[in-house]
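As given in Swiss-Prot:
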type: TRANSMEM; residues: 34-54; note: transmembrane segment
type: DOMAIN; residues: 35-317; note: domain 'ABC transmembrane type-1'
type: TRANSMEM; residues: 71-91; note: transmembrane segment
type: TRANSMEM; residues: 158-178; note: transmembrane segment
type: TRANSMEM; residues: 258-278; note: transmembrane segment
type: TRANSMEM; residues: 285-305; note: transmembrane segment
type: DOMAIN; residues: 350-586; note: domain 'ABC transporter'
type: BINDING; residues: Gly384, Arg385, Ser386, Gly387, Ser388, Gly389, Lys390, Thr391; note: ATP binding site
Amino acid sequence: MIPGVREATAGHEPVKAELWKRIYSRVGSHWKGLILAVLLMAGAAATQPTLAVIMKPLIDGGFAGDKPQYIWSVPLAVIGLILLRGVCNFFSDYLLAWVANNVLLGIRREMFDRLLGLPDADFKRGDTGRLLNRFTIDAGNVTGYATDVITVLVRETLVVISLIAVLLYMSWLLTVIILVVMPISVWIARSFARRLRRINRETVNMNAELTRVVSEGIDGQRVIKLFDGYEAERGRFAYVNARLRRFAMRTAVADAALTPLTQVCIAVAVGAVIAVALGQANAGTLTAGAFAAFMSALAQIFDPIKRLTNLASKMQKMLVSAESVFTLVDQIPEVDEGQRTLAEPVRGKIEFRQIGHRFPEADRNTISDVSFTVEPGQTVALVGRSGSGKTTLVNMLPRFVLPTEGSILIDDVPINDVQLNSLRSHLSLVSQDVVLFDDTIAANVGYGALGKADDQRIHDALAAANLRDFVDSLPKGIHTPVGENAARLSGGQRQRLAIARALIKNAPILILDEATSALDNESERQVQSSLDRLMRGRTTLVIAHRLSTVQNADRIIVLDAGRIVEHGAHTELLAAGGLYATLYNMQFRED
């Protein structure tokens with residue numbers, strides 16, 4: 001789950017009722033397919049008691065030899081009934097699968113829409129494995145079990161009711177014996193339901209934990225190899241895997257115990273039925289055909305009763321998964337109270353006024369009383385030790401982080417008054433951690449123009465980013481897939497691809513977040529050349545670790561413990577001999 005978000009309170013009736021309502025309101029929106037499926041299930045259910053009823057005339061008339069017409073009519077009737085049941089079951093199952101998959105489509109779309117609208121802070125705190133499980137496992141469980149519940153409730157209930165009617169018609173006394181057992185079976189099922197729900201919830205959480213451990217094993221495989229972390233990772237995986245096995249076995253024990261206990265109750269009833277039936281036969285009140293029909297109906301009623309008793313387990317799994325799914329759906333989306341749009345053309349003037357910020361769990365401000373102005377077309381660099389507040393401050397510009405004090409203005413308009421779409425459409429970002437999608441080079445570069453860039457614009461952007469020659473050397477050119485996490489590209493190539501994407505967007509304000517800090521000298525030279533082209537004519541905020549990359553900035557702002565301690569040009573700050581000079585000299589000696 002995403003921390004800080006309250007899960008639904010398990011086991012409380014109002015919560016359960018709300019979950020049922022939310023699940024089946026979505027299923028019910030496909031009511032035409034649902035009604036047709038129910039009618040087909042009713043048709044299939046009607047064939048079972050009919051098969052039992054046939055047994056009476058077959059035994060009493062057909063085997064007695066005085067009804068020769070039964071030689072052909074009864075076998076044909078049996079074949080016809082089985083064929084009818086098969087056709088009805090096929091189309092009802094198809095329709096329910098259609099309903100389930102359409103509901104799943106809608107739920108996943110709803111989940112993903114909410115995911116995209118979550119505040120940036122929620123992703124910082126999130127558990128990726130748990131989040132992925134909601135899409136891949138929980139959503140499927142909700143729709144799959146929801147339609148399974150309908151199938152069992154409708155088809156099996158109709159079968160049981162119709163078979164009970166046959167039993168009553170054949171012998172009410174024998175039927176009473178059977179009906180005495182049913183409440184006992186229901187009580188057993190309900191007693192297991194609460195336990196199953198608790199176990200299922202724990203199993204869902206452990207599945208998410210397993211996903212997280214495996215994901216970290218994949219993402220961190222180089223670190224694991226270099227630091228010889230094999231045993232540590234095996235130990236982490238073994239611990240989670242063993243706990244998951246224990247939960248699975250507890251579920252299996254509960255599921256396995258439910259069926260035999262129910263069957264024992266039924267076996268006692270069958271024994272009593274046989275004893276009473278023999279007494280009625282000897283008294284001449286029950287024929288062999290009637291008893292055969294009764295036993296046929298009784299034999300057919302066991303499976304639907306078993307499925308109905310097992311329904312409790314499916315319901316609990318459905319509700320547990322629904323809690324997880326709707327926890328995401330109910331997340332509070334990113335706040336967008338802006339009513340204005342930035343007037344075109346945006347000049348790019350940025351003003352930070354007395355900005356302060358404190359994280360919810362912190363006991364002091366991470367940023368305090370920060371004020372500065374960036375004129376249109378200027379490049380301003382933010383430097384300082386790690387943790388000085390540089391990234392937090394810059395992330396306030398696209399409103400990924402909200403200041404707790406002060407305000408930020410673009411072209412003299414407070415950004416809180418600007419619609420998020422309008423604000424962010426005028427910003428571009430190139431960061432150290434480049435995010436590229438598992439698609440082609442053209443698709444990733446064209447992403448900056450919302451996919452509306454033609455091949456010529458993409459080629460021009462690649463040329464400006466010093467990447468055209470490399471791309472042209474590829475067999476598929478711009479249509480070459482970059483692979484997952486752009487694994488087929490080097491670090492420098494990924495950075496230049498991100499620069500090309502920013503060039504395509506052509507936003508007037510640019511944010512560079514340590515864009516060259518993870519590169520070697522040659523890659524840094526190529527990327528810096530591309531950045532110089534990108535920065536021309538744009539208002540640029542630069543976060544830099546390597547101070548050599550910001551010497552040409554119009555102004556350098558030095559942060560320490562969330563406060564501005566120095567500002568000026570590179571030569572001025574060196575001459576002042578303050579924190580900037582100290583940091584620069586340390587890096588110069590290291591280089």
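Every residue, even glycine, has its Cβ placed from backbone N, Cα and C.
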Tertiary contacts of the transmembrane segment (34-54), as residues 6+ beyond its ends and Cβ separation under 8 Å: 27-28, 74, 77-78, 81-82, 84-85, 88-89, 91-92, 95-96, 99, 150-151, 154-156, 158-159, 162-163, 165-166, 293, 296-297, 300
Sequence-remote partners of the transmembrane segment (158-178) [C-beta within less than 8 Å, at least six residues beyond its ends]: 41-42, 45-46, 48-49, 52-53, 56, 269, 272-273, 276-277, 280, 286, 290-291, 293-294, 297-298, 300-301, 304-305, 308
Candidates Ser386, Ser388, Thr391: member of the binding-site residues with the richest Cβ shell (10 Å): Ser388
Chain residues outside the transmembrane segment (258-278) and at least six past its termini with a C-beta under 8 angstroms from it: 171, 173-174, 177-178, 180-181, 184-185, 188-189, 192, 286, 291, 294, 298, 302, 305-306, 309-310, 312-313
Beyond the flanks of the transmembrane segment (285-305) by at least 6 residues, Cβ under 8 Å: 48-49, 51-61, 155-157, 159-160, 163-164, 166-167, 170-171, 174, 178, 182, 185, 262-263, 266, 270, 273, 277
Extra residues within 8 Å (Cβ to Cβ centroid of Gly384, Arg385, Ser386, Gly387, Ser388, Gly389, Lys390, Thr391), ATP: Leu559
Binding-site residues listed as Arg385, Lys390, least Cβ neighbours within 10 Å: Arg385
Where Thr391 (ATP binding site) falls in three-state DSSP terms: helix
Least buried by Cβ count (within 10 Å) of the binding-site residues Gly384, Gly387, Gly389: Gly387
Where Gly384 (ATP binding site) falls in three-state DSSP terms: strand
